[in-house]
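Visitor: Residues or ranges marked as transmembrane segment in Swiss-Prot: 25-45, 347-367, 369-389, 396-416, 440-460, 472-492, 537-557, 863-883, 888-908, 910-930, 968-988, 998-1018.
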Amino acid sequence: MQVLPPGSTGGPSRLFILRPVATTLLMAAILLAGIIGYRFLPVAALPEVDYPTIQVVTLYPGASPDVMTSAVTAPLERQFGQMSGLKQMSSQSSGGASVVTLQFQLTLPLDVAEQEVQAAINADTNLLPSDLPNPPIYSKVNPADPPIMTLAVTSNAMPMTQVEDMVETRVAQKISQVSGVGLVTLAGGQRPAVRVKLNAQAIAALGLTSETVRTAITGANVNSAKGSLDGPERAVTLSANDQMQSADEYRKLIIAYQNGAPVRLGDVATVEQGAENSWLGAWANQAPAIVMNVQRQPGANIIATADSIRQMLPQLTESLPKSVKVTVLSDRTTNIRASVRDTQFELMLAIALVVMIIYLFLRNIPATIIPGVAVPLSLIGTFAVMVFLDFSINNLTLMALTIATGFVVDDAIVVIENISRYIEKGEKPLAAALKGAGEIGFTIISLTFSLIAVLIPLLFMGDIVGRLFREFAVTLAVAILISAVVSLTLTPMMCARMLSQQSLRKQNRFSRACERMFDRVIASYGRGLAKVLNHPWLTLSVAFATLLLSVMLWIVIPKGFFPVQDNGIIQGTLQAPQSSSYASMAQRQRQVAERILQDPAVQSLTTFVGVDGANPTLNSARLQINLKPLDARDDRVQQVISRLQTAVATIPGVALYLQPTQDLTIDTQVSRTQYQFTLQATTLDALSHWVPKLQNALQSLPQLSEVSSDWQDRGLAAWVNVDRDSASRLGISMADVDNALYNAFGQRLISTIYTQANQYRVVLEHNTASTPGLAALETIRLTSRDGGTVPLSAIARIEQRFAPLSINHLDQFPVTTFSFNVPEGYSLGDAVQAILDTEKTLALPADITTQFQGSTLAFQAALGSTVWLIVAAVVAMYIVLGVLYESFIHPITILSTLPTAGVGALLALIIAGSELDIIAIIGIILLIGIVKKNAIMMINFALAAEREQGMSPRDAIFQACLLRFRPILMTTLAALLGALPLMLSTGVGAELRRPLGIAMVGGLLVSQVLTLFTTPVIYLLFDRLSLYVKSRFPRHKEEA
């Protein structure tokens, strides 16, 4: 077998060495394509990996959670459950609101999912309540995805109802039209309306009921077609004063006559301009506000979307009165841009460090310029390919390019070092370039394809993690491939034109000192290697111990999913007792806001109270805390969270749950804390039995903190127990009872006011100021068969009970979600294992199922596939090396270096206090590709020496180790310095980059020392083994 091509021909590099102009123009084309491509690449935090997600919201004011579940959510779920491509369906039914979240398979286009959802809603129309104020509204948005931008609209001169009306018609609609915007929500609920507050005593004294008033109002305010008159010469359109537009007009409405005298609405009710829902409120830095949350569509370019919004904001705000102020409270793209800038700086620093190492070893400016050109050319050329693949400039692709800095320079170094060796021996530069490039060409190809083989398994990772790292793997592979092309074309051509004996031998004092140092190091290495080769079994024992240590460290190291990022935004949930009213929650949020705004790291705060589809219950409030930029505060987000929770802990009757927002959102619902675990049953009764038991057990685990659940079954409910026989005798139906209660206490939307710009509601309710609580039920009167009025108490008893505040479903079955954080000193892997052990201890029945959700579920899937991923990388590399070497043995020798990389990486992570997460695992897989380079360079030269010079295997491997020591050391240090800026990263997004750098630097440091000694010993071991096999099983040639 001929491993290396003839050294004097130049191999694949010959044509490019002899045609410098063509080579230069080809490289210039690659450079130009990359520069143009860079300008077209979008900027993002991470690759787009969102599941196609659609949220369907139905509002039914006054309906209880039970009614919302049975009348609205269940019919919708049955229709949605028939859709193809649906991955998961979750729903939350609370007082007056139903929210169904549909998550589809990654392969299903969002537009197709949208059509399916619209068709399902249309098919379900006849099954939904006839008096729904509005049909179900769907939006292409993941509710768990934090808004890309939050704006607060305030005014010190106008009521919030007018402010919301202007914002909705002049601002929100325009922002909704921006490409990439999925949903614009107005938190604060101050939509203008005419509110009619009935005086129960007044209408009772007149013998009227709330139903009489409702009928009168709906009949007096209509907006329908009236036709037209078409005469011989003229056509006349018919119109009438059938609409009432203001509270004044409604106040004057005659609703009945008593003894011939008119009874006007103002006589029995307070009629005023107000808000459609008086139990909603939002505050920005404690000031009443309308808060606009802008959410993107799954898959949309967040940077482009935010830029478009900012460009149109000045024009939109000009259309508002001067007393209305629009403030951008948060913009996620600010941190995304800062993170990308920091990563770009680290990329530039890595290039500078790599070039510095090259100069330190070569000590020659022309020799340093050559790889100094090859590195940026390989990286810039990658941008052209990224454009065609629809990639983006994001943290992962920039990390890939930063790591590639150390990879791509390796090829150039190997070529330059080999050509320089021949020039120093007296060869002419052109002949040396042809001979050196031809001799090293196969090594370059081996290094390239074996390294790309390591990345192949990343391309086949499933689900969202696979999508996430596909851009990383492909970007790195493309950079490596372009580097190999550059190293076999441009690099030897430049060596032939720029290097000479004079330039290489020209030395100053620094050069001579470095040369003496390297000579001493190589001599020391030679003496050490000779001793190691004389004691092979001791070296093999060290190699075997390294393998065992790798396995042990893999078992004991804390495991996580994805680094927790500091993006400068904290999401919060404020929880109060289940019987809390809107007024008490508004008071509590004011107390909490005051404490939060006192923290020096907090820049702004928005809070929201009320049920609107996004916030499920009245006893909870949502918060968004925007921190100052990272360079303007002393603490990271986790320290700020701890400090805020301590500050709020002294406020009685509230629990505050906080979590930092993340760029990677896998969940489908807003959770109180970072991780979720669900308990599902076939009935609510089964859930109510097991939820307290499991929650108590989880709260006792030291591996979990801030454990809570969304199970709330202790809300106060007034049960109206109607005596049906008595009601029937009086001619009162259950529909009459429901209507009376709804008219009084449901903020019932009974009529619509149409204007040229918008539509507004008329809201009917009882004025309960003088009769609060259950006493208000005593004022309800119903119309009997004889036309008289009957108090509700005549046919019903009122009982106070407990009832759920919300009912949650997962795939149509009742479910409870437990939320938890992981305390310091424990990992997500520890928490997951503790929960699984608790499940076994409790011995849950067969009809109770549990499942991790969101990032915890993704962690389980990723952890289960990690070992197979590494095995697949090793197998892929073995296959490629076996094909290249036409040998079963030599690839094993090369792969024997891998355990050293694992030991170094795992030890470095443990010392640094980092978890073994997905980012660190990618670093270990990349180490597999880097570390085997040392063995490839040694073995290639040893095989050549055996074949061409007739040397013994021991002498050949000894000479190869000494000859390749300098390029091995140079390439390893280049790769190490390429990863060093990531390890030392401190800026925005550093949490994401640091584990990769730590794993690679640690792995390279340990493997560099060990592989220089273990590889030659293992090479000789397998050589002896090969000879033994050949002697025992000789191959007999058949004669023709």
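These residue numbers are counts, starting from 1, taken along the chain as shown.
Using N, Cα and C of the backbone, Cβ positions are placed for all residues, glycine too.
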Visitor: Using Cβ atoms and a strict cutoff of less than 8 Å, what residues sit near the transmembrane segment (25-45) while being 6 or more residues removed from its termini?
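Guide: The answer is 301-304, 332, 336-337, 339-340, 377, 379-387, 391-395, 482, 486, 489-490, 663, 989.
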Visitor: Near the transmembrane segment (396-416), which residues from the same chain, at least 6 beyond its ends, have a CB less than 8 A from one of its CBs?
Guide: 46-47, 340, 343-344, 346-347, 350-351, 354, 358, 361-362, 367, 370-371, 374-375, 378-379, 382, 386, 436-437, 440, 443-444, 447-448, 451, 468-469, 471-473, 475-476, 479-480, 482-484, 486-488, 491-492, 495, 499, 926, 930, 933, 937, 967, 970-971, 974-979, 981-982, 992-993, 996, 1000
Visitor: Under an 8 Å Cβ to Cβ limit, what residues of the same chain, 6 or more beyond the ends of the transmembrane segment (537-557), are close to it?
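Guide: Residues packing against the transmembrane segment (537-557) from afar: 896, 899-900, 902-903, 906-907, 909-910, 915-916, 1010, 1013-1014, 1017-1018, 1021.
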Visitor: For the transmembrane segment (998-1018) against the transmembrane segment (888-908), do we get 3 or more Cβ-Cβ pairs below 8 Å once near-sequence pairs (under 6 apart) are dropped?
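Guide: In this chain the transmembrane segment (998-1018) contacts the transmembrane segment (888-908) - 3 or more Cβ pairs sit under 8 Å.
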Visitor: For the transmembrane segment (863-883), I need the partner stretch with the highest count of C-beta pairs below 8 angstroms, choosing only from 347-367, 369-389, 440-460, 472-492, 968-988.
Guide: 440-460
Visitor: Are the transmembrane segment (910-930) and the transmembrane segment (440-460) close, by which I mean at least 3 Cβ pairs under 8 Å that are 6+ residues apart in sequence?
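Guide: They are in contact.
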Visitor: Among 347-367, 369-389, 472-492, which stretch has the highest count of C-beta pairs below 8 Å with the transmembrane segment (968-988)?
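Guide: The stretch with the most contacts is 347-367.
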Visitor: Does the transmembrane segment (472-492) come near the transmembrane segment (440-460), with 3+ Cβ pairs under 8 Å (pairs 6 or more apart)?
Guide: yes
Visitor: Going along the chain, which residues at least six beyond the ends of the transmembrane segment (369-389) come within the CB cut-off of under 8 Å?
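Guide: Hits for the transmembrane segment (369-389): 27, 30-31, 33-38, 40-41, 347, 351, 354-355, 358, 397, 401, 404-405, 408-409, 411-413, 416, 471, 474-475, 478-479, 482-483, 486-487, 490-491, 494-495, 498.
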